[in-house]
Amino acid sequence: MFAKAQRVHFIGIGGIGMSGIAEIVLNLGYAVSGSDLRRTSITARLESLGVVLFEGHAAANVIGSGVVVVSSAIDEENPEVREARARKIPVIQRAEMLAELMRLKYGIAVAGMHGKTTTTSMIASVLAAGELDPTVVVGGRVDALGSNARLGNSHYLVAEADESDRSFLKLSPILTVVTNLDREHMDCYRDMADVEDAFLEFMNRVPFYGANVACIDNPQLAALLPRVRRRVFTYGTSLGADFVVRMLPPAPEVRSRFEIASAQSVLGPFDLHVPGIHNVLNAAAAVAIAVQLDLKEQAIVQGLKSFRGVDRRFQLKGVVDGITIIDDYGHHPTEIRATLRAARDCGYANIHVLFQPHRYSRTRDLLDEFVTSFADASTVEMLDIYAASEAPLPGITSAALVQSIGQPGVRYAASTEEAVTAILDRAAPGDLILTLGAGNVSQLAPLLVERLQSRLPA
């Protein structure tokens, strides 16, 4: 890295990925500044740590910087980017800064269309239990860290790798995890063959002494593995996996219990406090990584048992009068199905979903998959599509999506208030209310808790 006297400036510092890198760079002893369009709880935390924050983008913000880091949402016409270019200040992507941090460490990178954040966090928890004290950069706030980043004192770095813009190809990890392949980020990739080629390049980037860990239960990923030139260790429920997941009856107060069978031994049992087979598979990836690092079995057991989840991943927001309110980030059909299956396995009497589709393009491209995503929901209130800076597309609306789904109990809500009122009117003790989506739907979870509390007798 360059001299610590120079300042690192982040444009779009309030993003979950950018903020984590900024915190690591700050903790390494560099002066850090950043700009974003508005202040948030994320930027407030960074300011409290010592980051100089600018609200809004202006050319003057980059003066005195030694390097400028940009998120994928920042284009070349941004005034800070233009000023940095004019002053010959290096402008790099977030992934390039992460790659520079990883270059100095034993890098473990987690990629895949779904489950990256949770899997990265589980690996970090297991390594911490094994006293490896890793540096961690993840795309969500981890309960145990109180943040989405942590600077460790060892040479291990565990990071979530972002495939959405191909920037994960800038990383050079020693170990990788690939959780799955799916039709996602099709604004960046031409087709599934293009997705497969990118992941193939990612997995072949590990050195000859490194390895890849991949989920064989995902058909698209399993089909790709014969083309990988570097070592691959597979995990999954399939008997052909190197690390075979075998489910066990859960103990009281535990969501899932499983063991891992390999050619050498049977490991476990392992207990998880987060529900769903998708989380068991995420944990299996953490076990496989731990085995590559020769961690003791007890450390793996403790690391997984102590894992309490990640912000917005099946996150409990409250229980009022027997009604449970949970918030989840799921917005892709695969994620929706996994989340609803996990909720159904938890034994709730009814599952009432408040869903906000994310992006017009995703709704259009995955329409056929959305149609079958809500089978495990009792009722669904469908909010308007969260644009995420996209322009509307003709015929792509939440009302049209509801019509395509054609499932009893799935209805379009013309307003947030209509959705909240409808879902509260039908919720009863023993039921679950689930706010679901990647937009601002999470803001409704506290409101639902508040409304339920207001109905309680004085």
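Note: Cβ is positioned from N, Cα and C throughout, glycine not excepted.
Feature annotations, reproduced from Swiss-Prot:
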BINDING   Gly112, Met113, His114, Gly115, Lys116, Thr117, Thr118  ATP binding site
- [ ] With a 10 Å radius around each C-beta, find which of these binding-site residues (His114, Lys116) has the fewest other C-beta atoms nearby.
- [x] His114
Task: CB within-chain contacts under 8 A for Thr118 (ATP binding site), separation at least 6 - done: Val274, Asn279, Asn282, Gly309, Val310, Arg313
Open item on the list: Validating a neighbour-count step here. Other CB atoms within 10 A of the CB of Gly115 (ATP binding site): how many?
Closed with: 23
